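K.L.:
Take a look at the following structure, please.
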Amino acid sequence: MAEKQFPGILNGAVPGEPVKTDKNSRRGNWGNQIEFILTSVGYAVGLGNVWRFPYLCYRNGGGAFMFPYFIMLVFCGIPLFFLELSFGQFASQGCLGVWRISPMFKGVGYGMMVVSTYIGIYYNVVICIAFYYFFSSMTNLLPWTYCNNPWNTPTCNGVVTPTGINNTLANVTRSLVTGAAEVAVEVVNKTKRTSPSEEYWKHYVLKISDDIGNFGEVRLPILGCLAVSWVVVFLCLIRGVKSSGKVVYFTATFPYVVLTILFIRGITLEGAVTGIKYYLTPQWHKILDAKVWGDAASQIFYSLGCAWGGLITMASYNKFHNNCYRDSIIISITNCATSVYAGFVIFSILGFMAHHLNVDVSEVADHGPGLAFVAYPEALTLLPISPLWSLLFFFMLILLGLGTQFCLLETLVTAIVDEIGTDWIIRNKTVVTGGVAIVGFLLGVPLTTQAGIYWLLLMDNYAASFSLVIISCIMCICIMYVYGHKKYFKDVEMMLGFPPPIFFRVCWRFVSPIIISFILIFTVIQYKPITYNDYVYPGWSLAIGFLMAMSSVTCIPIYALYKISKSEGTTFLERLKNSCKADIKWGPALSEHRIGHYAAPVSEGEVEVRPLKEELKEKEDEKRDEISLTIQGSNGSTAHNTTPSA
């Protein structure tokens, strides 16, 4: 009871403090800090780490690309990651509730919700295709091994022969020496090689149509896998972070086990060293190319999941005094290290395949769905017990995708529940989760048609492109310049027990916004209309893409105008000023954490009368806190020195 009677005394997490003082029993918290870190790692480490980064690295100078990549990580990635974690943790609110900091900018939160909705729709379709390939790998012979299937065309050219498929790797390599030479000559002579895996992908899995407007039929196997995917996501989130926090112990860690198994298998193959050299050999002259720096900045920004709303949402379930500064560094570095590690796994296998075909690695390298569902599966057919390696690879893709999908769905659900905020909606959060999952499934159905891949790539390229950059930039400006950097630094200090390091203060105010602006300019300059292989998207589909991109950004000015019109004041400037002021409810969610100027009652029903002596003691404590040393506990909590030093 002492905690409730004397909230001004217990204003920080001290050694021996009862755990309940830092728990949000109404909204919920993570079971422990490991759950938050694993969930955030699962959110940040996704499919892009496997199918995008390795390709960007070899295309932009190999090892030389690492230099701008890690520069952007230090000056943009980690600071933005820390900013979003501290933002959500301080307010214990999702991507809508946090904008009590400056209500006029609540449209930024709606923009984050729109982006998360788009990504959640198409991301689960990618996961469902991985499910389909996973189920298809449960066989003695992978169905994309040969060219003798009903869906194959006369131009199909396989890389293995039926006589060698069941031998050991040594026997396969030896028996195909003469055949591989003939295949290599044939491949070189052909203007474009059509592989069995590519035809399986296009003509059997997708039954791809000839135009984005020609939807054709719904691919029932894909639709079934989409239902499976959404059911899995729903079941893992059925109790919110309480259930997903337990699931991530497996979904966030097992992909590293699979990556390690594939890495060990890959580097033992002939030609693997050539592939890895192709991946890492520095081309230092490319560092002077602005495009390389732009790709590095963009990859860091998108890979960490900044401006999606997920980081704010996940951090909102932290305890108030959790050391999110430490967490942001751990998670960001883990994400980037995973990208580099995945490059070894991908290029060791591709190097082996290039060696087998006697072609350059660049001819077999690919990115995106082309790598995950065409190039890599084809390379796996060259290995003995190929179904086993295929099962492992696609299981890894499923887990990587689910880790991100959990957070995307939780972002939407948390925003809805926090915004409504009634006891009924909090008690029935599972119903909201199920409703969002059903809507997500229905919106994903068009992506399972024969034109689905065109729409999936359109959403991937436009729904979460420059709009994310604009959202992130406005968020930085709002917190640092509208709310005020000094006030925010004090908020972080009150939460962590120490102020943000000067490096992060400089990055938040100047460096990161400049880099974000650079990414935006780079994105506009480097813009090229989307294509898929030889297919050029028609103008009307590109217009839809731009509308998707703008739909999240337009939330910001629309809501700002609405808020200004509803604010008090006789002139426009007065209304503008009042709409930018922090709401009275802005601040820590729990009363024991609302100290200093946050100690004012948040509503008429929560007015708290305290003795004068207690108020005077609080003021003395605050003054002493400004000059006292802070002691950081081993669990990330902090304690203020409340006794005068000698």
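Positions of Cβ are set from backbone N, Cα and C atoms, glycine also.
In case it helps, TrEMBL gives these features for our protein:
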- 1-26: region 'Disordered' (REGION)
- 36-54: transmembrane segment (TRANSMEM)
- Gly42, Val45, Ser303, Asn335, Leu400: Na(+) 1 binding site (BINDING)
- Ala44, Asn49: Na(+) 2 binding site (BINDING)
- 66-87: transmembrane segment (TRANSMEM)
- 108-135: transmembrane segment (TRANSMEM)
- Cys147-Cys156: disulfide bond (DISULFID)
- 220-241: transmembrane segment (TRANSMEM)
- 253-280: transmembrane segment (TRANSMEM)
- 300-317: transmembrane segment (TRANSMEM)
- 329-354: transmembrane segment (TRANSMEM)
- 388-409: transmembrane segment (TRANSMEM)
- 430-456: transmembrane segment (TRANSMEM)
- 462-483: transmembrane segment (TRANSMEM)
- 503-527: transmembrane segment (TRANSMEM)
- 539-562: transmembrane segment (TRANSMEM)
- 615-627: compositional bias 'Basic and acidic residues' (COMPBIAS)
- 615-646: region 'Disordered' (REGION)
- 629-646: compositional bias 'Polar residues' (COMPBIAS)
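Just tell me what is around each of these and how deep it sits.
P.N.:
Remote same-chain residues near the transmembrane segment (36-54) are listed as 30, 123, 126, 241, 244-245, 248-249, 251-253, 255, 279, 299, 302-305, 310-311, 314-315, 317-318, 322, 327, 330-332, 334-335, 338-340, 342-343, 345-347, 367-369, 371-372, 396-397, 400-404, 406-407 (criterion: CB distance under 8 Å, separation of at least six residues from the stretch ends).
Spatially close to Ser303 (Na(+) 1 binding site) yet at least six residues away along the chain are Ala44, Gly46, Gly48, Asn49, Arg52, Phe53, Asn335, Cys336, Ser339, judged by Cβ distances under 8 angstroms.
Around the Cβ of Ala44 (Na(+) 2 binding site), the number of neighbouring Cβ atoms within 10 Å comes to 26.
Outside the transmembrane segment (108-135) by six or more residues, the chain places 47, 94-99, 205, 221-222, 225-226, 228-230, 233, 307-310, 312, 369, 372-373, 377, 390-391, 394-395, 397-398, 401-402, 404-405, 408-409, 411-412, 415, 440-441, 443-444, 447-448, 452, 455-456, 459-460, 463-464, 467-468, 471, 474-475, 478, 548, 551-553, 555-556, 559 with a CB less than 8 A from a CB of the stretch.
Same-chain residues at least 6 positions away in sequence with a Cβ under 8 Å from that of Cys156 (disulfide bond) are, in sequence order, Cys147, Thr194, Ser195, Pro196, Glu199.
Note on the transmembrane segment (253-280): residues 38, 45, 54, 57-58, 62-63, 169, 173, 338, 341-356, 361-362, 365, 383, 389, 392-393, 395-396, 399-400, 403 of its chain, located 6 or more positions outside it, place their CB under 8 angstroms from a CB of the stretch.
With a threshold of 8 Å between CB atoms, the same-chain residues lying at least 6 positions outside the transmembrane segment (329-354) that come near it are 37, 40-41, 44-45, 49-50, 53-54, 57-58, 66, 69-70, 73, 77-78, 81-82, 159, 256, 259, 262-263, 266-267, 269-280, 299-300, 303-304, 360-361, 363-365, 371, 375-376, 378-380, 382.
Same-chain residues lying 6 or more positions outside the transmembrane segment (462-483) and placing a CB less than 8 Å from one of its CB atoms are 80, 83-84, 87, 101-102, 105, 108, 111-112, 115, 118-119, 122, 301-302, 306-308, 508-509, 512-513, 516-517, 519-520, 523-524, 530, 545-546, 548-550, 552-553, 556, 580, 582.
When Cβ-Cβ distances below 8 Å are used as the criterion, the transmembrane segment (539-562) is approached by residues 104-108, 110-112, 114-115, 118, 212-213, 454, 458-459, 461-463, 465-467, 470-471, 474, 529-530, 579 of the same chain, each at least six residues removed from its ends.
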K.L.:
Looking only at the recorded stretches 66-87, 388-409, 430-456, which one has the largest tally of CB-CB distances under 8 Å to the transmembrane segment (220-241)?
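P.N.:
Per the Cβ under 8 Å count, 430-456.
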K.L.:
Neighbour count, 10 Å Cβ-Cβ cut-off, for Gly42 (Na(+) 1 binding site): what number do you get?
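P.N.:
A 10 Å sphere around the Cβ of Gly42 (Na(+) 1 binding site) contains 27 other Cβ atoms.
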K.L.:
Which residues does Val45 (Na(+) 1 binding site) neighbour through Cβ under 8 Å, counting only same-chain ones at least six apart?
P.N.:
Ala252, Pro255, Thr334, Asn335, Thr338, Leu400, Gly403
K.L.:
Determine which residues of the chain contact the transmembrane segment (66-87) at the Cβ level, with the cut-off under 8 Å and only residues 6 or more beyond its ends counted.
P.N.:
57, 98, 101, 287, 292-293, 296-297, 299-301, 304, 306-307, 311-312, 314-315, 318, 324-325, 327-329, 331-333, 336, 340, 472, 475-476, 479, 492, 495-496, 500, 504, 507-508, 511-512, 515-516
K.L.:
10 Å Cβ neighbour count around Asn49 (Na(+) 2 binding site)?
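P.N.:
Taking all protein chains shown, Asn49 (Na(+) 2 binding site) has 24 Cβ neighbours within 10 Å.
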K.L.:
Tell me which of the recorded positions Cys147, Leu400 sits in the most Cβ-dense spot, judged by other Cβ atoms within 10 Å.
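P.N.:
Sorting the candidates by Cβ neighbours within 10 Å, the top entry is Leu400.
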K.L.:
Compute the centroid of the Cβ atoms of Gly42, Val45, Ser303, Asn335, Leu400, then list the same-chain residues not in that set whose Cβ lies within 8 Å of it, in sequence order, for the Na(+) 1 site.
P.N.:
Val41, Tyr43, Ala44, Gly46, Gly48, Asn49, Thr338, Gly403, Thr404
